[in-house]
Amino acid sequence: MVVPGYTLGAFILLLHVKSVANYPNGRVTKSCHGMIPEHGHTPQSDPAHNISVSQMTFKPGDQIKVTLSGPPFKGFLLEARNAEDLSGPPVGSFTLIDSQMSQLLTCEDTQGSAVSHTNSHEKTEIKVYWNAPSSAPNHIKFLATVVEKYRIYWVKIPSPVISQPNVLPFTTPEAAVEPMPTTLPPASHLTKSFNTSDCGNKKFCIRSPENCDPEKELACVFLSFTRDDQSVMVEMSGPSKGYLSFALSHDQRMGDDDAYMCIREDQTVRIQPAHLVGRSHPVMDPRDPLEDMAWRLMDGVMQCSFRRNITLPGVKNRFDLNASYYIFLADGAAADGRIHKHSQQPLITYEKYNVTGYPQNVGGSHSLLLLKVHGALMFVAWMTTVSIGVLIARFFKPVWSKALFGDAAWFQVHRILMLTTSALTFIAFLLPFIYRRGWNWHAGYHPYLGCIVMVLAVLQLLLAASRPPLHDPRRQMFNWTHWSMGTAARIIAVAAMFLGMDLPGLNLPGPQKTSAMIGFVAWHVGAEIVLEIHAYRLSRKDEILDDDRIQILQSFTVAEGEGHAFKKIVLAIYVCGNLTFLIIFLSAINRL
């Protein structure tokens, strides 16, 4: 069983942004008030969609058909507002016409006061009924936010005003709709790569691999902080065709973190602050706190830089930089300005650092120590101790039959190895739960297989403790049950290891990892086949000697001695091979 779960900062695992477009299921109640998707892009200025109504006047209790139509779009949010106060709460409620395309939302504690999409399929028309409340204002205007795709959306598209009869004409100017910004702070173009000569002197630097140079190594991931009076200049570089990001965190888990992203959009780079809430997609924030933004794309490497003040009083979600934090570094794919799951487990610093304090050169790991230990213990248990113990019990009873501390030597060795396996499995089994503080629902089948292995290991211990005497009638049943449960545990454990190697918390380099695991399985099966063939040939030789009635004790002794020597040689070679495979995996884990 290897690392269920992960991490930490798994920084961008699921695609659930708190916005109209990034919620494909349309549950966007957070956007009810402002009706603004938190995409970090500028909304379009000229509406391409239209809102029409079935009648221009209404009375309390009336039901009016409202139609939103236009070019194909994926998401929307529709509300009715007091035309004289468009920033106020939604008015009235809606009734659905097609529940496959639209759904009701509860905004401002009023059930059904808004309508949104149910999926991200393209649609060209949405029809609903609006129910006028008894306390309706004199004039009503419908507003719609429409999302064509992540970067292209319109906010608060207005409808014609509908009014109650016998009221004064509506005169509030159209400018009542909240104006939206039309530009974002510009970013300049970097002319040269970042310099690492000041790392540890003037710059606080994080580099992976350790002490790499982004000027000379394309694979170098680099992040630096340079203090300048009351501000900090941040530089980030690394190979990526989608995005690079870093986050400041109070712990080594994802959630309530201050994040900064450089996102590729065609041939430019957008620099965007964000914040993380739980194990969810980052929520984009306004770019106001950032200054002196610049970027560079060359040879598959993305570089960006910006400046921000050390303290930002009153700015939500931004951490003060005069405190210590764990630092996450991640990269991944981006499409149409929207980021996706990171390509590998984020690099996380080993401890908290104050980036505005004493300049340092630090590193990090793509896997936490607890998860590394978990993987290492499972590899030791199910690639080494259990496999050697099985071979000894199956083939070495006649080789080591002499008593050792009251029992046959082979049995004592077998028992020690199996107890070691169970102890290592139990310790490793607990570590992911300690780290995750519960069950990991994002690790696929791996944790389920791990639980089965743990249960079988415990049952094997209980079964071995109740082993009947050698000539007891129940001994045969015990032998078959013990063998069956042990074989099942070994097979499931290997399957769990195959799955665990691909999980983010212990994302071993591939495809070498798969080849190495297949090699280990083939190595073990090959050793068993060789010993089985040898045992069969020995048994046939004994039968021939017995059938010919050749009662020559020396013949049996010579055959037996040759057989024992061969088994010992095979076991020695097998153990050396197992240790080689184990060293390969442990070295890979240590490099994470």
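Note: Cβ is positioned from N, Cα and C throughout, glycine not excepted.
Noted in TrEMBL for the protein shown:
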type: SIGNAL; residues: 1-22; note: signal peptide
type: DOMAIN; residues: 13-179; note: domain 'Reelin'
type: DOMAIN; residues: 217-332; note: domain 'DOMON'
type: DOMAIN; residues: 336-534; note: domain 'Cytochrome b561'
type: TRANSMEM; residues: 376-396; note: transmembrane segment
type: TRANSMEM; residues: 416-435; note: transmembrane segment
type: TRANSMEM; residues: 447-465; note: transmembrane segment
type: TRANSMEM; residues: 477-501; note: transmembrane segment
type: TRANSMEM; residues: 569-589; note: transmembrane segment
Which residues, given as numbers and ranges, are at least 6 beyond the ends of the transmembrane segment (477-501) yet have a Cβ under 8 Å from it? 1-4, 375, 378-379, 381-383, 386-387, 390, 444-446, 449-450, 452-453, 456-457, 459-460, 463-464, 467-468, 507-508, 510, 513-514, 517, 521
For the domain 'Reelin' (13-179), the mean pLDDT of the predicted model: 83
For the domain 'DOMON' (217-332), how many residues does DSSP put in helix, in strand and in coil? 0 helix, 69 strand, 47 coil
